[in-house]
Each structure stands twice: as structure tokens, then as C-alpha cells.
């Protein structure tokens, strides 16, 4: 890779460099012909925007990681709808003094995240801006009976998480603060940093969920991803469904090394409000939840139940903590 | 409308205000269920990014016009593929001190441009940024035999434009320069300013084109929109198709008042390289082009022919101008 910056090669030059990341039969026109949803499947679409200095920073995120995370955020939204990906478009705006290699590494990271799902970058736009902004739109497909919505939770449903929370926020702290977590061994450290830099969208969970459901009559499914924090996801589901929840603190899976790294207050703040773990929060009938957690989805757990009323209460059966109400407002909010 | 800025109402507040511009059954989840393409139709997708200070400015563009133009650019790309719109998503990043009313007026302008096509805003993302950036992704559908590509032009094809070029650039000049065009009457002035502020995507042309084609056996169609300039569109088509072109200067439709407003050099620079007229440039067999221009598409014209070789030559049958080669590089290029 050379030391060229974007200004040296211009718009046409950038587009030419980026074409190798896209299927050659798709790009090069005013618009792209996309893979159609298969017969009987619904088309699903989601958009996420990442801004330099707001969502990522050179201190903690390489170009590859920015690309990976931008794609992961979108694929996670598709997973939360129960859908599998068909393709993405990329709207990229950036200053002329950005290195060409940075942009190529950005696309490299996007491609790596897309690769396991055979999902193409089908098009996009590149333009000038004072600040690097990556806007990704992802398309997926889902069978109508498998659509998952935030608004379908029912009183008595078990609340299931598909993995640990807090890992991404701890990984970020390890990158920001050299004094933090000095006693961690290399494997633990790198696992937590990976959780921040290379989060995996939980598309792998969907076939397992459908297997758990196979013997059931179809019911409307409930899910949201935890990109804005676990507490936010539960609170959003409850608001959209007009219900409340009780969550058991002890039941929430967290990284095993987390309690020894910082104060209990910090631990729970990161677990509940840290965000960007990109797990799914599902509400399932109790028997279905048991089957799903025990037989199919290793690492997942039932963390609570949907209740009537509207409050989301975090309980502690060990008596160490007082009951706490979870709210939307403590999660990450722009502006 | 109040004097609130975005920071006063926060991310959730913005999303709430913008929901009235979106169908209520579609928004509010991690992703949106889109209208599927109809059976037999292909899915088409395009993305355009507009950045404050690069693509628009407060001096010449109201919030409504920014919204209108952002949507028009995307719908124009869909039209150039031969496709009709199904929906759009909006990725919006903006500073916290932007007025809430500005954002509402942006969405108002987008809705106005979408309204004739019954096309919904199906979702999006709002986040913080130092600079206003509007990233729109539009979806459309097209029957396989109606797909128009840049790469299908054949030697002997007639080059057709669907309307006048230069109007948008003149309109911009009227807005920027109070001394310019002082002798224009109000109707002429406002028509040119409209050409800049409210360009119409030429989706209306498609049914007329298909009518012209009705008696023909299906052939691959060629089109590109002239958003980056008329010269750029012709040159891009020629490059993608591996052909050349001869264009007759006299045959290019321009705003009738344009020659009296400025120097001939300026006139032709604006007509050929001004951009943002959002007309379509089509390459059609001679007989088809004749039928299309005479019977169906008022305001359209045959401006030249596709040739073997690779150069794009602008000719002048009146002998007033020397022959000129049209190139990609003089059109608007980012960076």
C-alpha cells in the first residue's frame, strides 16, 4: 500500500480501488441490482451511521475495526428482526487528507465481517466531508412467521440473553487506560479487546431458535439487540409491548474476570449500560426459553420475566444490592 | 414550531418528531419490513450522501430543499436504472445546535418529493456529528427486460436527453449572485431557481419509454442520469460500453433565456458540466429514438449518435465553435 491520500487519487480513483470489494457484475451503474428476497420471504432493511470522534477514535479503533463494527451493528439489527442478510450499501464521506490505505482497510474490515454470511457490498457513494462518516444500509430477508419485534412481549414470558454483557465496555477500557486490568493474562485481555473491536452479530442464534420452535405452533416472537445497552433493550421492549419486567441480577451472564477488575458499581454500570455487546434480548414463553437455553444456545441464559405493570425492576436474590429500576435514559443517547 | 435545538430534545425526542413522516406500522424496530418487489421484478438499490458545505449551503438551500434534492438524487438514480421506487431510508448525522424545526423541514421536503410516487420513508438513524450529513438509500423494482445500464450502448444508437441542461446551474447563480440575470422576468427567474432547488427525477419518462418500446422485440436499454453533468453522463456511458460519440451542440436543449444571460463560454460550461439537472441520457436505436422523442416525451431530443472509436466529440454544424472533446475529468469530482 502506498502513502497516497484520498485527494491524490480523487473520487474516480477511490471508486476504482473499492471496486475489488464488490461483485463486478453489480457495481458501476446508477444503482445496483440486488439479490431479491426468496419467494415467501419479506424484505428487511436497516441503516446505521458511524461518525469519527463520536462512534470511534483512532486511539482504540483501527480502520479494519471501524469497518467490522459498522457492518456488525447493521447485521445485529437484521438478526434482531429474525432476518438473514442479503447485501449492504456503504455511504462514505471523508476528508481529502485521509490515507487511501485507511479506506482500503475500512473496506477490508467490512468484508471480513460479511464473509461468513456470503453477503456482498452491492454499492454506495463516496464524497468529501470535514469528518469521516460511514453510513451503512443492510438488507435481509425473513419468513413472515419468523419476524421478531420489540412489541410482542407477553406477561409471563422469560427474558433471554444470548451471551455475556459488559465485555465490549471492558475491552474499551483496556484500550483507553494502560493502568487498567494489568493482572489479566494475555488470553483474557485479548478476548475482552476482541469483544470491543470485533463483536459478532448473533445471526448464528437464529437457526437454533427456529429449531427450538419447531414443535411449537407459531407465535409472534420478541427480540431486540443490546447495541445500546442491556438495560436499554429490556426497557425498549417493555415500552413497545406495554409491559414491565423483573430481572435477576445474578442471572445475567458477565465476563468471569470482570468482578475482580473494578468496583461493583462500575461493573454493573458497564454490564447494564455499557452497550455494543451486540447480543440479542429475546422474550420467549417459559417452556420454549428452557429448551432454547438448555439444548440449543450455549452461553445464553434466562435473566428474568415479563410482568404486568410498566416498571423494569432489577432484583438481587442474594440481598447484596437493593432493588433498582432500569430506565431508557441512562443508556447512550446522542446530543 | 418552537425554537428548540436538537440537543434540547435528545435522540429519542428527534426520533419521536420524525416518526410522523414514516408509516407507523413500519418504524420502531431494529430494522424495517420493506415493501417487497412484486413477483418477477428485480430489487434495485442506490445510496447518495449529501454533506453541508459541500453539496448544499444555507445561502442557497432551505432545509426543505436539501430534503427534496437528496431524495430527488436517489430517485433519479432509480429512474436511470429503469426502476420505480419502493421506499427509502435516511441516515442523518448532525450537530446538537441544529434547530429541531430545521430537521422537521428537511423531512418535510423529503416527503414532498416522495409524495407523487407514494414512496415511504421506512427507517433510518439519527446521530451526532460536527457536520450535517444526509445519507439516503433508495430501493426500487424493475422488470428484468427493462433494466437500463450504462454499458449497453451500441454503435449507431441515437443519444437522447429527456430535457434541458444548464438550468440547475443557472438557478444556483441567480441565488448566489444578486447582480446576475437582473433583466429576467419573475416567471423565468423562478423557473430557473426551481430547476436548482426542486429538480424532478424523470420517473415520469419510464412509462413513455416502455410505450415506445411496446412494438419492439426486447433489447438491452442504455441510460444514465445527468446528475454529474451532461458531458460526464455521455462520457461514462461511452467508457462503460467501449464506444465513442458525436454530439451536436445545436441539438442540445437549453433554457431559452440562457444565451442572453452570460458569455457563450459560460453557457456551454454550465450546460455540459454544470450538473444536477437530473435528466436522463438514453441511447436508443434510431427508429425507437424517433418514436420516443416525437410521440411520447415532450421536451426530449436526439443530440447525437454512438460511434465506434472511444472519443466523445462535440460538433457544431453552424461552424461557430470548433470541435471539442468531452471528458470525464471536467465534471464535478470530489477531493
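Even glycines carry a Cβ here, placed using N, Cα and C.
According to TrEMBL, the Mg(2+) 3 binding site annotation covers A:30, A:77, A:225. In sequence order, A:76, A:77, A:79, A:80, A:201, A:202, A:233, A:278, A:279, A:280, A:281 are the residues near residue A:225 (Mg(2+) 3 binding site), counting only same-chain partners six or more apart with C-beta under 8 A. The DSSP secondary structure for residue A:225 (Mg(2+) 3 binding site) is strand.
In the three-state DSSP classification, residue A:77 (Mg(2+) 3 binding site) falls within a helix. Annotation comment: TrEMBL describes A:30, A:46, A:77 as Mg(2+) 4 binding site.
For A:47, A:48, A:125, the entry in TrEMBL reads Mg(2+) 1 binding site. Under the DSSP three-state reduction, residue A:125 (Mg(2+) 1 binding site) is assigned to strand.
Over all protein chains present, the Cβ of residue A:48 (Mg(2+) 1 binding site) has 24 other Cβ atoms lying within 10 Å. The Mg(2+) 2 binding site annotation in TrEMBL covers A:48, A:77.
Taken from TrEMBL, the feature substrate binding site covers A:55, A:276, A:332. For residue A:55 (substrate binding site), no same-chain residue lying six or more positions away in sequence has a CB closer than 8 A to its CB.
The ATP binding site annotation in TrEMBL covers A:107, A:124, A:125, A:150, A:227. With a cut-off of 8 Å between CB atoms and residues at least 6 apart in sequence, the same chain places A:18, A:89, A:90, A:91, A:92 near residue A:124 (ATP binding site), listed in sequence order.
Residues or ranges marked as Mg(2+) 5 binding site in TrEMBL: A:228.
Residues or ranges marked as domain 'PurM-like N-terminal' by TrEMBL: A:28-142.
Here TrEMBL flags A:154-311 as domain 'PurM-like C-terminal'.
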Within the domain 'PurM-like N-terminal' (A:28-142), residues counted as helix, strand or coil by DSSP
36 helix, 45 strand, 34 coil
Are there binding-site residues among A:48, A:107, A:150 that sit within 10 Å of residue A:228 (Mg(2+) 5 binding site), Cα to Cα? If so, list them; otherwise say none.
none
Give me the Cα-Cα distance between residue A:125 (Mg(2+) 1 binding site) and residue A:150 (ATP binding site), rounded to a whole Å.
32
Check the Cα-Cα distances from residue A:227 (ATP binding site) to the binding-site residues A:30, A:46, A:48, A:276 and tell me which is shortest.
A:276
Using a Cβ cut-off of under 8 Å to chain B, which of the binding-site residues A:47, A:77, A:107, A:150, A:225, A:276 qualify?
A:47, A:77, A:150, A:225
Given residue A:107 (ATP binding site) and residue A:48 (Mg(2+) 1 binding site), what distance in Å do their CA atoms have, once rounded to a whole number?
16
Which one is it: of the binding-site residues A:30, A:46, A:47, A:48, A:276, whose Cα lies the shortest distance from the Cα of residue A:150 (ATP binding site)?
A:46
